[in-house]
Amino acid sequence: GCEWVSWC
């Protein structure tokens, strides 16, 4: 998931 990450 790209909700809590910054390196999607």
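Note: Cβ is positioned from N, Cα and C throughout, glycine not excepted.
Classification of Cys2 (disulfide bond) by DSSP places it in coil, neither helical nor stranded. Over all protein chains present, the Cβ of Cys2 (disulfide bond) has 7 other Cβ atoms lying within 10 Å. Here Swiss-Prot flags Cys2-Cys8 as disulfide bond.
The 6'-bromotryptophan annotation in Swiss-Prot covers Trp7. Classification of Trp7 (6'-bromotryptophan) by DSSP places it in coil, neither helical nor stranded.
According to Swiss-Prot, the cysteine amide annotation covers Cys8. Neighbour count (other Cβ atoms within 10 Å of the Cβ, all protein chains): 6 for Cys8 (disulfide bond).
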When you measure from the Cβ of Trp7 (6'-bromotryptophan), how many other Cβ atoms are you left with inside 10 Å?
4
